[in-house]
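Here's the structure we're looking at; comments come further down.
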Amino acid sequence: MGTTWRVRNGNRKVLGGSGRVVPTTEDLKESRSRASSRASPSLGTSTPQQHSNTFSQNPATSGPNPHESADGAKCIASEIVVWTEATDVDAMSVDSPRSPSPALELEPEVGPEQELVAESEIKSEAESEHVASPSPPPSPEPPAMLDPLPSPPPASPQIIAPTIPPPLAVALSSSGSSLSVTSEHSDLSSVPESQSSKATTPVDVDSCKEAAAPVPQVISQPQPSSAPRRRYDVRPKVSLPTDLPLAEYAVQCIAAAEASRLNPYYLHEEEYVMLRDHISHTQVTTYLNIRNGILRLWVRNPQIAVTREEAVGCAKDTRWFDVASVCFDWLVRRGFINFGCVEIRSARKQSIKESPSARKRKTIVVLGAGMSGLGCARQLEGLFLQYSKKFRDRGEDPPMVVVLEGRNRLGGRVYSKAFKTRPKNIPEAFKDKRFTAEMGGMIITGFDRGNPLNILLRGQLGLPYRPLRPDTTLYDSAGKPVDPVRDQLVESLYNDCLDRVSEYKFKQPPSKLIEGNRDLIDEGKDSAAETHKTIRQTEEAAAAQPHAPPVSEQNIAPQVNLVPISTDRATGRIHTEPGTPGALRAARKAKLMGWSLKQGVSEDADLDFEPATKQPDATLGSVTDSVMAQYKDLVDLTAQDYRLMNWHVANLEYSNATNYHQLSLQGWDIDAGNEWEGSHTMVVGGYQSVPRGLMHLPTPLDVRQKSPVSKITYSTDGSSRMAMVECEDGFRVEADYVVNTIPLGVLKHGSIQFDPPLPSWKQNAIDRLGFGVLNKVILVYKEPFWDMSRDIFGVLRMPTNRNSLDQKDYASQRGRFFQWFNVTETSGLPVLLALMAGDAGFDTEQTCNDDLVAEATTILRGVYGETKVPDPVETVVTRWASDKFARGSYSSAGPNMKADDYDTMARPIGNLFFAGEHTSGTHPATVHGAYLSGLRAASEVLDVMLGPIEVPTPLIIPKETSQSLKRKVAESKDPVRAQAEAYEIELWDYIVAQIGLRPLAPSRPATNAYVFYSKAHHEDARRKCEEGRRPGKGKASANEVRVMSAKMWRDATEETKAPFMKLAEEQKQVHAGAMAAWKEEGAAWDRKATELKVKYEAEHPPPPPAGSASLEEEGRRSKKRVESYAESEVSDIEME
C-alpha cells in the first residue's frame, strides 16, 4: 500500500515521515553573531566575487528537509538562519526595525528614508486594521471550467529595466559536495525550463462577447465593492528619502519600474481593469508615482520584504493611503515585489491561547522541482505568510505547500552535473565550489530591463557569475577562419530572409494604454488636477458621441511591427527592432547590404515567395528556403556562403531545439520584443545553485524527491472536492489545489493519467505546440589548447554534397558540433562544450558516446592541428529525449500552432493549475520564463483562495474629508517633531527671502555630432528609405529613417562630418563654461546661506532636538539598503 497524506482540521498525517529540525534561540543568536561579524555594507557598485562567501556546514542553523537526499543537503550554504515565524503583511506592526536573515545581513546604515511614526506603541492591525467592520465572507467558488476554450485571463506586459546593486553574496555550494547525483538511466538532466510571468492581457469588460466560453477559473481582477477601510499608523511621505532631490528620487523610481517589467508611465492592463471604476485619467499620474515608489523600495533591497506601511508611506497625502494599499496588494500578488529568496517574518508572535490544531488547513501540491515548480512553491509560501491574517479570519491556518519531484535532485532541466575530474591546482575562485558541466540551461540572457534573475541571483543569493565575451570566430570546414567581412555580408542576407518571412507572423492583439503625465512623473510630482469622472465614465461618455470608437478601441497602444536585424550567436535568438517587414525590393536591399548584383539584374528586381506561403504545409523552413533560393538569381552565392547561411540556420534551430521545418511560419518568433538587456552570463560553479537557493532560502521547502507522478485526479466543476496525486511508488497525497509544472514533452508522451481527461482545448494545444531536443557533448582536458580569449567559436559543416547550393543537402549536418563554448572559467576545469542542434540533436540520442567524441576530436584537430588536440580525459553527453522526466529540451512553435496556444497552456482547469516554460508566450524556452510562470501560477492560486483584491469605495477620499483627517493627524503629531519641522521651514523661508533660491544647474546640450547631422539630413534619409520601396508598404517608419540616417553618417566623408563635429565641440565648450560659472555661483550661494543660517539661529534659537528614540524607529529598509548589485564591466572572478 502506498502512503497517503490527508488534511483534516489542519493536521497532516504522514506515514513514515520525519519532522524538520528547528533551530533554537541560542542557535539563532550564535549564528547571528557569526554572520554579522563577516557582513559589511555594500556601497557603490560591487562584483559578485566581493560579495560571495562560503559558509561551513552547521546543522544547528539549517534544518534538513526530510525528503531531500543527503547528498543534496550538503551543497547549500550552511550558516543560513531559518526563521520559523510567519509574516503577515496585514498584521505587521511597525514599531521596530527589521533586518534580513543573518546570512544575508548588512551593517546598519542609518538614513531617513523609512521614517515611520514614532509612538510609544503602535497598535497591531489585528486591533486597528478595520474600522468596525467584520471580515468579508469567503468568496464563492469560481464557476466550473467546461470543455470549450475559455476566454483568456489578463497578461502582463514585459516592460523591462536597468539593474541596481548587489548584496552580500551567499555561496550555494560547499566543498566536496555533489549538488546532484547521476539522475536517471542516462548521463543527462533537464534543460532549462522557461516560463514567463504572464498574467494575460485583460479584455475590456464592456466589449467581451465570448458568451459561449466559460469564465476563466482565476479571478484576477477585482470588481467594485465596498471593502472595509483600513487605518494606517503612518504619516504621508515617510518612505520618501528626505536627503534626495525630488528629481533624483523620480529617476530611481522610474528605473525601479523598468527593472520590474512595468512601464513607469503607463498602467499595466490589470491595473486598468482594477482602477477604471475608481480613479480618473488625471489621477493616474499620482497612482503611478506611488506604484513606482513602492517598486523602488523593493529593488533597492530585495533581501527584505516591503511592508504595507512602507508602501503606504510612498503616498504624499493621506487621501491616497488606500490607493497605495491596493497597489501594494496587486504588486505582491502578481509577484512584482516580495518574491524569491526574501525574508518574510512576523513582528507579532502567535498567541499561546491560539490552538493551531483546531483550525483547518488547506494543501497545495506542486508537481516538479524545476525553476517553475520551486519558484511557485516559494512564492506560495511567501504569499501565505503575508496574508496569514486573512486565512485566520476565515478560521484557517495558512495553507501548506508540498512539492513532488520525480528525480533524486532539484532543478529539473537546470542541471549542473559534477565532474569526476579535479584540477591539480584549484583556482581561488573555486575553493569550496563544485566543478560542473551545464547539462541543460546555462546562459542568463542579460540581467537588465526586468529579468527576475537579477533580483534572485544577484540581489538575494549573491552568486558569482561570468559575462560571456560576445566575439565569435567562425572556422570553415577546412579549419581556416572565415573572412569576417564575408561573414557579415552573409549574415545580413540571412537576416533579410527572416525579415521578409516575418511579414507573415501573428499580429499581437491591441492593448489598452492609459498614460500618466510623463513630465510630472519625470519630476516626481503628483497631479494637482481633480476630476470626478472615472476612467470608465470618461470612456463611456466618449463612446456615446456620434461616430466615436467603442470603449474597447479607445486608448489603444499603437501597433508596432518588429523586424529581425541580427542573430545572437550565444543563444540563437533573433534581435529585432521596429520597422516594416520586407519594405524594400530585394535587389535594392541586397545592394545596400554591400552585395553586387548579377549582370543584367535591375535594382527593381524582387522576390516572389507568396506561392510558398500558400502551401498547406508551409513552415518557417520551407518559406525561408524559397527566399534563399530566389536570392541566388540576384547575387552570386558560393558554397561557402551556403555553409555560412546554414550555420546561422543551425543557430536558429538551437534556440528552438528543432529543425526549422518544424516551426510555425506565423509563430516562430512569438516572443519577439521581450528580450532583456545586458551581457549574457554564466553562473560560476553551476546554474543549479539558483534552484537550490529557491529550495533552501529563507527556509527549506517541503520537497519529496524520487516521487514520479502517475495519475492526477482533479475537479473541473469548481466544487470543494479534493484533488489526488498518485505516484508510481504508491504514495498518494490529497490536495485542495494542484500546480502542474510537468514539462510539455512528458504531457505529449501521455505517461501521466488525468482523471477526468484533459479537455480538448487543452489537449489540442499540447499537441500543436512543439517540443524538441538540444543535446551537448562536453569534453574535459588536462590543459586548454584553444584560444582562451574567446568564449565562443563556431565551425561550418560540410553538406552531404560538398559544393551543393541546395538547402536540402545541409539539414542533417549543419547542427552537428556547429557551436562551441569555452566554459573553463565557470566550470573550473579546461572544458569545451559543443552543441548538437536541429536534426543533430535527435541523432545524438541514437549515437554512442565513443562515436560522438571521435567526431568532435576530428573537428577540433581540423581547426587546431592534429598534434595539438589530445583525447579528452572525461566526457559527458546529454540525451534529453531519453529522459523520462523531460522527453526533450524545451518548447517551440509547432507548424500548426495557434496564436494563443501558450496562453491556453497556462489556463487552469478547476483546481488544476499549470506552469512551466511551455505556458509562457512572452519568454518560452527560457529559465527566467519558467520562473515567471511559477509566480503567475502562485498568483492564480491565491486569487482563487482569497478572491479578488478588495478595493474600498470611494478609493480616494474627497478633499474635504481629507482636511479633517489632516487636522486629526496634526493634533496627534509629536509636538517636538512638529516644532522642529516648523522651525526648518521658517529658516528656509528666511534664507530664500534674503538671497533667493539656489542657482539651477545648466541643462546639458546635445554634444554628439551625429545628432546634428541626423537633424540636418532627416529628409534626405527619408527620401532614401522611399527609394526602391515595395508597393503597399506605406511610408518609412521613424525607426527606418533613423537606421538610414545612421548608415549615411557612417558612410559620410570626414569633410562632410567636420562642421557637425565642430558644432558639437563648441556646444561642449559652452556647456563646460556654464557649468564652471554655476559651480562658482552655487558655492557663493552656499556660503551666504550658511552665514544667514548662523545669524538666524543666533537671533532665533532652534527648539530642543527630539529624543533618540525616534531614530531607533526609523525604517529598517534605509538602514539595510543595498546600494548596488549592478553588473560589473569586468570579469567577476579571476582564474589562476
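Quick reminder: no glycine exception, Cβ is built from N, Cα and C everywhere.
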Residues flagged as region 'Disordered' in TrEMBL, choosing from 958-978, 1021-1041: 1021-1041
Helix-strand-coil residue split for the compositional bias 'Basic and acidic residues' (1021-1030), DSSP-based: 6 helix, 1 strand, 3 coil
Local confidence of the domain 'SWIRM' (253-348) - pLDDT mean: 94
Number of helical, extended and coil residues in the DNA-binding region (1002-1079), per DSSP: 57 helix, 1 strand, 20 coil
